[in-house]
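Student: Quick paste of what TrEMBL says about this protein:
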type	residues	note
TRANSMEM	B:6-21	transmembrane segment
TRANSMEM	B:33-53	transmembrane segment
TRANSMEM	B:65-83	transmembrane segment
TRANSMEM	B:95-112	transmembrane segment
DOMAIN	B:116-402	domain 'NADH:quinone oxidoreductase/Mrp antiporter transmembrane'
TRANSMEM	B:118-136	transmembrane segment
TRANSMEM	B:148-171	transmembrane segment
TRANSMEM	B:231-256	transmembrane segment
TRANSMEM	B:293-313	transmembrane segment
TRANSMEM	B:319-339	transmembrane segment
TRANSMEM	B:360-383	transmembrane segment
TRANSMEM	B:395-414	transmembrane segment
TRANSMEM	B:435-462	transmembrane segment
Amino acid sequence: MTLLNMFLDTAAANSAANYLPIGIQIFFAIGFVATMLVLSNFMGPKRKTSDKLETFASGIETHGDARQPMAIKYFLVAILFVLFDVEVIFFYPYAVNFKELGWAGFGEIVLFVAFFLAGFVYIIKKGALNWED
Amino acid sequence: MNAIILSAAFGVVMMLCSFLIKNKSNFRHIASVALLILLIGNIADTYGYTFFAIDTHGMLQFNRFGLLFNSIAIGSTLLYVLLTGKEIENAGMHVAEYFTLILFVLCGVTLLSAYNNLLTLFLGIEIMSIPLYILTGSDKRNMKSNEAALKYFLMGSFSTGLMLMGIALTYGGTGTFSLEVVRNAPNMYKGLVSFLEILGLLFLLVSMAFKVSAAPFHFWTPDVYDGAPSVFTSFMATIVKAAGFIAFIKLCAVRMAETESVVDWKMIYAIIIVATLLVGNITAVFQQSVKRMLAYSSIAQAGFMLFTLISLNDMAYEGILLYSAAYSLATIGIFAVLVKMKDYTFDGYNGLAKTQPVLAATNTVFLLSLSGIPLTAGFFAKYYMLAAVVKTGNYTWLVITGVLFAAVSVYYYFRVIQAMYFKEGNAETTTIVPSFKYGLIALAAIIILLGIFPTLLLRWLYF
């Protein structure tokens, strides 16, 4: 009871002692974790094999190096992404004014998309998205 | 309106043709037909038959001057494709795409002849320039072509940035994007011109001067024109450049003229003109390669076209139309001959009159037209330009400078003629088909016809 009163008093005084409970909690939390880790390391069983040091690949044996260059036509993909990303941006103002623009606006947006689709057909037919040459 | 929509639509059709049609030589014919329909559509538009009724909210304004310019530009492109279409096929791998890009450039050109708003000006300039960056670099295996494309792209995007900054500043100064500003609107100080607007217009002036390669913003021109495949240099130096002038003139006639009370714009133009004529002509004299000489000569010719900015009267408007026709046709002709040559230096032309008399004779007509010798279209073009300035009563010294530099230009144009006729040599050309010769003769005939009756073209401005 006196301890609780002490805490309440310090809380009212709003001093550094105010944070004592938090400090105690952090100390216990770190102390508990550290103790458990050290104890399990000393007391638990150990099986040292070379397999355990390998990269985990869902149980399949690993082959090759992960750090080898792979040909993604990044520039082309990025440019095409920008193209269609910008297309989406143009939809926002249309969506906001959807009702006001009515059928005329719908016709125009369809025309816009049709132009873009022509471009899309073009890049697919030209093989811009074929990654393997 | 017809031309804007049709050129974009034909561009898309041409683009889809690239994988629908296997035979390479068909693209040239499709492009010619498309251009012919475009020309007819534009002429129909001129006489009130608009196929598409679209309300542009005052962002575009079509008048006789702009529409006639469209006809000239489309007509020149048609002649260009008919004459050098074969060379476009040989320029690189993606033949249909080149024609597509040319059609897209025309879309930009038609926008620029009709813009009535700074946003549409920007749109037109960009639609016109971006395909050109690609065309410049179309010869992918050639380092010079790559260098030219990169240089053109970087400098072009920088000048575009300046233009956007200028548009933003003029918007800050006036509160509107439209070309004509209502000066007495309640939210503006009466009779006062904002400092921001002047700064913005100055930025716009610089970026437009860059696009038409006027000194001191011309440094990209020789390298880009020299590095680009010759067929595309021909297109860039003629139709595109003339369209840049039409846009520039409209901007100056409206916006700069409105702020004349604050800034002496005409003096700025005069300085640009003299600098352009000086740099273009004097540097062209020292060139060894005909192609590079033509690049500098295009700067010099730009100086002459800039005279319109000083005069801005009826005669000047007639003059700029005649000039763009005369200059475009002659330059297309010279480049058509140039791409057939094996050696682009002056020495490469030695003795062309003996091996290919038709090529030499027509090339002479084109060169005479560029230097402004009477009985060719170039003479009347230069005459209109200078006479329009004389009519204003001021700037006589500028006219005298112009005449002097025209005389200088005769030197380097005649060097080619001298090489063809009076020097011993064996000029080598690639195989010349008879139809190419007939094309050249037709082109030369048009130039001489316009040189005798310039009104053949100009009367379309009035009825």
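Cβ coordinates come from backbone N, Cα and C, glycine included.
Worth saying up front: this structure is predicted, and the values here are computed from it rather than measured.
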Student: Counting only residues 6 or more past its boundaries, what in the same chain has a CB within less than 8 Å of a CB in the transmembrane segment (B:118-136)?
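Tutor: Cβ under 8 Å, 6 or more out: 59-60, 97-98, 101-102, 104-105, 107-109, 111-112, 145, 148-149, 152-153, 156, 160, 163-164, 167, 170-171, 177-179, 204, 211, 224, 227-229, 232, 235-236, 240, 243-244, 247, 251.
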Student: Could you name the stretch, out of B:6-21, B:65-83, B:231-256, B:360-383, with the greatest number of CB pairs under 8 A to the transmembrane segment (B:95-112)?
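Tutor: Stretch with maximum Cβ contacts: B:6-21.
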Student: Top stretch among B:6-21, B:65-83, B:435-462 for CB pairs under 8 A with the transmembrane segment (B:33-53)?
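Tutor: Highest pair count goes to B:65-83.
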Student: Apart from its near flanks, which chain residues at least 6 from the ends of the transmembrane segment (B:435-462) lie with a Cβ under 8 angstroms of it?
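Tutor: For the transmembrane segment (B:435-462), the far contacts come to 46, 64-65, 68, 71-72, 79, 82-83, 86, 317-318, 321-322, 325-326, 329-330, 332-333, 336-337, 340, 358-359, 361-362, 365-366, 369, 374-380, 384.
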Student: Could you pull out which residues elsewhere in the chain have a CB under 8 Å from any CB of the transmembrane segment (B:6-21), counting only those six or more residues past its ends?
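Tutor: Cβ under 8 Å, 6 or more out: 27, 30-31, 34, 37-38, 41, 94-97, 99-101, 103-104, 106-107, 110.
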Student: So which residues does the transmembrane segment (B:65-83) touch in its own chain, when a touch means Cβ under 8 Å and the partner is 6 or more beyond its ends?
Tutor: 3, 28, 31-32, 35-36, 38-39, 42-43, 45-46, 99, 102, 106, 109-110, 113-114, 234-235, 238-239, 242-243, 246, 317, 321, 324-325, 328-329, 332-333, 336, 436, 439-440, 443, 457, 460-461
